[in-house]
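A quick write-up on the structure given underneath.
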């Protein structure tokens with residue numbers, strides 16, 4: 001849904017269901033959940049330092065990748081100021097840099113800048129870097145190539161902004177980079193290379209060919225013509241801060257993920273009839289095996305008028 005449609009949708013919803021406005025407040029539990037996840041990964045860094053490599057890789061995929069992917073979605077939550085509220089926006093930015101530590105790749109500051117553009121100008125050509133490049137759509141068109149495209153998703157998400165919509169580096173991005181690399185170096189000197197591999201490989205694997213990463217494809221790829229955004233209401237929402245409630249999230253991005261099920265319950269007449277997924281694993285399988293689907297299966301819009309970016 002585009003910027004104007006989102007505004008109209010929010011206005012109509014809140015006019016008919018004024019109780020939805022009461023959900024637009026920070027999630028007081030979010031900061032404690034994030035702190036707990038950071039501590040869990042710090043403990044894991046210590047526990048894997050003496051593991052055999054085969055067991056290190058096993059636990060990296062089975063456990064570390066899940067936690068790190070979940071942490072990226074916590075950063076997604078924080079980017080909407082749901083940890084401390086809009087009045088303490090800078091607190092949210094610093095907290096996101098802290099949440100970034102176990103991921104190993106400094107991205108929280110950049111993500112916030114680009115992600116808000118995604119909400120304002122969904123599908124906007126040259127603005128929304130969630131849209132694959134023409135090269136991705138042209139090259140990754142066979143089943144095998146689509147498989148490798150999903151495996152390499154983290155790489156494309158990192159490079160795509162530099163090609164589609166490069167922005168001047170901000171002070172927070174520099175701080176994010178310095179803090180993260182300092183942490184990575186300290187981790188290496190403290191416990192050796194294995195925790196660093198566990199950390200970085202967990203992030204890459206968790207955002208590649210992994211059950212949780214099905215949400216990347218499920219959110220906006222057009223499996224059904226005319227339907228741009230889809231929701232998923234399954235159990236993996238427990239690990240992903242309810243990112244599966246994606247129609248609800250785009251309608252009300254200021255509502256924390258924990259409260260999105262309440263939005264669906266309050267305004268069920270708007271959401272129940274929309275196409276939805278029951279399995280992110282099946283989404284990945286169908287995307288690869290369906291020859292009519294590719295990275296081109298997205299709506300791209302030519303934007304008109306003034307464009308205000310983060």
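Every residue gets a Cβ built from N, Cα and C, even glycine.
Per TrEMBL, the listed range annotated as transmembrane segment is 55-74 (candidates: 55-74, 115-134).
Range 94-111 is the one annotated as transmembrane segment, of 94-111, 148-165, 220-237 (source: TrEMBL). When Cβ-Cβ distances below 8 Å are used as the criterion, the transmembrane segment (197-218) is approached by residues 41, 44-45, 48, 56-57, 59-61, 64-70, 72, 102-105, 147, 150-154, 157, 184, 187, 230, 232, 236, 239-240, 243-244, 246, 277, 279-284, 287 of the same chain, each at least six residues removed from its ends. Summed and averaged per residue, pLDDT over the domain 'Fatty acid desaturase' (54-278) gives 96.
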